[in-house]
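Enquirer: A single structure is presented below for examination.
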Amino acid sequence: MTHRQHQEAADQTTPAQQGVQADARPNARKVFMRTYGCQMNVYDSERMNDVLGTEGFSATDSMEDADLVILNTCHIREKASEKVYSELGRIRKIKEERALAGKDMMVGVAGCVAQAEGDEISRRAPVVDLVFGPQSYHRLPELLAKASGGAKVVETEFDIDAKFEHLSERAARPVLKRPPAAFLTVQEGCDKFCTFCVVPYTRGAEVSRSVEQIVTEAKQMAASGVREITLLGQNVNAWHGLGANGETWGLGRLLRRLAEIDGLDRLRYTTSHPRDMADDLIEAHRDLAELMPYLHLPVQSGSDRILAAMNRKHTRDEYFRLVDRIREAAPDIALSCDFIVGFPGETDQDFQDTMDLIRRVEYGSAFSFKYSQRPGTPGATMSDQVPEDVKSARLLELQELIANQQTAFNASRQGMTCNVLIERKGRHAGQVVGKSPWLQPVAIDGSEDLIGTIQAVEITRIAANSLFGRLIAGHHDLIGSTADGHQGGGI
Ligand code: 5AD
Ligand code: SF4
């Protein structure tokens, strides 16, 4: 995995795995969806595809063919919204070309840029017919109808309960086949107000779905072929849901419940805040074979001064102690992290504290970013902004260290046998690709029939961003709680 790969699942088209089927109906209206940013956006795009599928849309990978183009945007760093505007410039040309051929094209901007910028988007890019925030996608049919009447539609209400309600209603109905590894949003929004971050403003306050809603959706997913679920939330380990008897559950208890669902062999969750790693959640890593030995636990900085300025509300020592407790519970866990370099006021010493933290923790992978000023956040108006060239130099140094740790971590898998959930065809004929328990892609020689199964694989070769392995003869689809046992033996 590259440093940025999993969080920056970014800039991908979301074709037809799900509700929307590619070219299933040749005369159907076609939708082209591009997803930027985090996995929550990937999940939202999939749910938008579900909604559009029931409206008779089929998916296309070619924007030129599309009757509807949706950009599902991310606002976390400034470049992301600039990318959206430049993409809209390109779309304008395609829309004009289609108009010459007598064909219509509707253009929608969804996600956090839509939420943050609202009607500014259609002012700046008149090609846009429809602007809607992350909490409105279930109302897409209604919004599309309005927009096709010629109105410019801007819908940025926060009505997260309605969205969750809708998700749960859908989950109760049968769905088309889902991929072997899929996302499930359990929580949205954030109350932490880190001083660099727009999420509390774009996604709003923290809201959790109920145990029942989540369990229903997870069962439905398992019945549709999903073997691995990643629970999603901007602050996922702050999730707390109401159980049937009025008790409040934490994420650890939820994971235990989900592990009982037949056919669901692997669980993951992301993204976590160090302050919300409850004992019960750490114990779930010790006790649950289904819970994969991988944890994304952003610290952002290794300097106490900067952590305080970021409003992270913990110290570096508290983070070290937390990591020790997690590793005690799950010794082979792969840790991943986010770092920001060049937060306002960051000195060379502060930066060296971050480098020291990385050396001490030893990560399997990490994402790292230059601080960018996000309008409306406290950080944007802090004095002592760090010059761009200093940020660039620090980022380079940090990424080199992380790259070395990632290489070392990957190399430590050489010769190991582990379980791999096979997810898709590989780049070469006769090759399939899956994920190791530590979220590394593993390429294997094998037939497509293996997709959706969990196989014992010996890791034979390590490349920069992925592993290569070979099937261990005689092992076929390892099912159940022993399949991914991560307390030594099984892996
Ligand atoms: N500048 C740089 N990086 C940021 N992130 C969030 N906001 C900013 C910002 N203003 C990073 C954090 C977060 C990840 C998703 O994006 O590291 O954990
Ligand atoms: Fe943003 Fe901080 Fe909330 Fe994460 S915990 S979403 S970084 S405010």
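Using the three backbone atoms N, Cα and C, a Cβ is placed for every residue, glycine included.
All annotation found in TrEMBL is predicted automatically rather than curated by experts.
Quantities reported herein were computed from a predicted structural model and do not represent experimental measurements.
Residues or ranges marked as compositional bias 'Polar residues' by TrEMBL: 10-20. What TrEMBL records for CYS38, CYS74, CYS112 is [4Fe-4S] cluster 1 binding site. Positions annotated as domain 'Radical SAM core' by TrEMBL: 176-408. Feature annotation from TrEMBL assigns [4Fe-4S] cluster 2 binding site to CYS190, CYS194, CYS197. Annotation comment: TrEMBL describes 411-473 as domain 'TRAM'.
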Enquirer: Rank the binding-site residues CYS112, CYS190 by how many other Cβ atoms lie within 10 Å of each Cβ and give me the one with the fewest.
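Expert: Ranked by other Cβ atoms within 10 Å, the binding-site residues CYS112, CYS190 bottom out at CYS190.
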Enquirer: Going by Cα-Cα distance, which of the binding-site residues (CYS190, CYS194, CYS197) sits nearest to CYS74 ([4Fe-4S] cluster 1 binding site)?
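Expert: In terms of Cα distance, CYS74 ([4Fe-4S] cluster 1 binding site) lies closest to CYS197.
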Enquirer: So if I take the binding-site residues (CYS74, CYS194, CYS197) and measure from each Cβ to the nearest atom of ligand 1, which come out below 6 Å?
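Expert: Within range of ligand 1: CYS197.
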Enquirer: Other residues with Cβ within 8 Å of the Cβ centroid of CYS38, CYS74, CYS112 at the [4Fe-4S] cluster 1 site?
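Expert: Residues close to the [4Fe-4S] cluster 1 site, other than CYS38, CYS74, CYS112: TYR36, GLY37, MET40, ASN41, THR73, HIS75, ILE76, ALA80, GLY111, THR202.
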Enquirer: Just give the helix, strand and coil counts over the domain 'TRAM' (411-473), going by DSSP.
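Expert: Its residues fall into 4 helix, 33 strand, 26 coil.
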Enquirer: Hey, for the [4Fe-4S] cluster 2 site built from CYS190, CYS194, CYS197, who else sits with CB inside 8 A of the CB center?
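Expert: Surrounding the site, in chain order, are LYS192, PHE193, PHE196, VAL198, VAL199, PRO200, GLN234, ASN235.
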Enquirer: Compute the C-alpha separation of CYS38 ([4Fe-4S] cluster 1 binding site) from CYS190 ([4Fe-4S] cluster 2 binding site), stating it in Å without decimals.
Expert: 15
Enquirer: How far is it from CYS194 ([4Fe-4S] cluster 2 binding site) to CYS112 ([4Fe-4S] cluster 1 binding site), counting Cα to Cα, in Å?
Expert: 17
Enquirer: Between CYS112 ([4Fe-4S] cluster 1 binding site) and CYS197 ([4Fe-4S] cluster 2 binding site), what C-alpha distance do you get in Å?
Expert: 12
Enquirer: Which residues does CYS197 ([4Fe-4S] cluster 2 binding site) neighbour through Cβ under 8 Å, counting only same-chain ones at least six apart?
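Expert: Those within reach of CYS197 ([4Fe-4S] cluster 2 binding site), by Cβ under 8 Å and sequence separation of 6 or more, are ILE76, CYS190, ARG374, THR377.
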Enquirer: Using DSSP reduced to three states, classify CYS112 ([4Fe-4S] cluster 1 binding site) as helix, strand or coil.
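Expert: Assignment for CYS112 ([4Fe-4S] cluster 1 binding site) reads helix.
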Enquirer: Using CB under 6 Å from any atom of ligand 2, narrow the binding-site residues CYS38, CYS74, CYS112 to the ones that qualify.
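Expert: Going through CYS38, CYS74, CYS112 in sequence order, none turns out to be close to ligand 2.
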Enquirer: Around CYS74 ([4Fe-4S] cluster 1 binding site), how many other C-beta atoms are within 10 angstroms of its C-beta?
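Expert: So the Cβ neighbour count for CYS74 ([4Fe-4S] cluster 1 binding site) comes to 24.
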